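**Student:** Pulled the feature table from Swiss-Prot, pasting it below:
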- 253: active site, proton acceptor (ACT_SITE)
- 128, 203, 234, 235, 322: S-adenosyl-L-methionine binding site (BINDING)
- 1-14: compositional bias 'Polar residues' (COMPBIAS)
- 23-48: compositional bias 'Polar residues' (COMPBIAS)
- 57-87: compositional bias 'Polar residues' (COMPBIAS)
- 97-334: domain 'PABS' (DOMAIN)
- 1-87: region 'Disordered' (REGION)
């Protein structure tokens, strides 16, 4: 493994010596708080983040839910804008009476709670509050700024689908970029593919990586794979600085497209992603819940259709610890060899194919679920196709 971090002025130094633009800290995860691009899903003002999964806008563990507003979104020149309705409903990163609860203006009128068996870690990085606890039902739970990023025994549907939907749709993936993924679940799934030669992981928050090394050693061990380069820095800037046509696939395990995180879902970022992909290359990014955010999903699709000249598709799956129990994905390809996302050509679940692994069996993904992920409820289909 090669680890690349940032220099004294805060900019990231890559292997080729390029120093990316300051400001948008892109990151690494799908959920975290506010780091615009990948690693956090909440609103700290750092573009991207570090966590591996999910939604969450700042929310907290507060017991009160006063006066939250649900902002509407508009699209202007490819941007996703909201009013000030995404404020946190409580910013207390603590456990109340043995329960962790997550409130957010992103899902007003509802909350999600888990019984806490043991607090394993609580601290503050340069970017966010980080907490890890043992839950009664889902094993270890990682939260960032009060938002659940991943659960050990409930997050595997998200991870398996964000990796195998795109990589199962192209032959012989070799070079892959992960924006986010500092815990290591996404990397774990990616290493099932023996054809892969190079994996770059961009994580903004070194504390998240440290938590992985201490609490998920079986995941952190994969950072030592000689094919892996771990970059502690800005994911959006990394993509902009990437060599044109270099990657076969890019996985964007990003934060929500609201507040500072919205840059990861707008045209300039998608244009940088498309440039970094080879002809017929693929990208998969998280794309919210059809039960809460259809207006956001429509804007993301509109942006992607303007940039990606291959195919643009929306898929979804179930994740028990995410709001409404579901999460969506955008899957797009660049112009070149045709990519049919709905019919996997490289199905990792088939022992008879070239894709074999010594890892534990898949818990969620299979070829049938791959195909079914693109079948949408009538209300969602009509809105997306309109």
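All residue numbers here begin at 1 and follow the chain in the order shown.
Just so you know, glycine gets a Cβ as well, placed from its N, Cα and C.
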**Student:** Counting Cβ neighbours within 10 Å across all chains shown, tell me which of the recorded positions 203, 234, 253 comes out on top.
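**Tutor:** In terms of Cβ crowding, the pick is 253.
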**Student:** I'd like the Cβ neighbour count for residue 128 (S-adenosyl-L-methionine binding site), meaning other Cβ atoms within 10 Å of its Cβ, all protein chains included.
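**Tutor:** So the number of other Cβ atoms within 10 Å of residue 128 (S-adenosyl-L-methionine binding site) is 33.
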**Student:** What Cα-Cα separation, expressed in whole Å, is found between residue 203 (S-adenosyl-L-methionine binding site) and the residue listed as 'active site, proton acceptor'?
**Tutor:** 10
**Student:** Let me know the model's mean pLDDT on the domain 'PABS' (97-334).
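**Tutor:** Within the domain 'PABS' (97-334), the model's average pLDDT equals 92.
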**Student:** Which site among 235, 322 has the most other CB atoms no more than 10 Å from its CB, taking these as binding-site residues?
**Tutor:** 235
**Student:** Rounded to an integer, what is the Cα-Cα distance in Å between residue 234 (S-adenosyl-L-methionine binding site) and residue 253 (active site, proton acceptor)?
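**Tutor:** Approximately 13 Å lies between the Cα of residue 234 (S-adenosyl-L-methionine binding site) and that of residue 253 (active site, proton acceptor).
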**Student:** How big is the Cα-to-Cα gap, in Å, between residue 235 (S-adenosyl-L-methionine binding site) and residue 253 (active site, proton acceptor)?
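**Tutor:** Just about 10 Å between their Cα atoms.
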**Student:** To the nearest Å, how far is the Cα of the residue listed as 'active site, proton acceptor' from the Cα of residue 128 (S-adenosyl-L-methionine binding site)?
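**Tutor:** So the Cα of residue 128 (S-adenosyl-L-methionine binding site) lies 17 Å away from that of the residue listed as 'active site, proton acceptor'.
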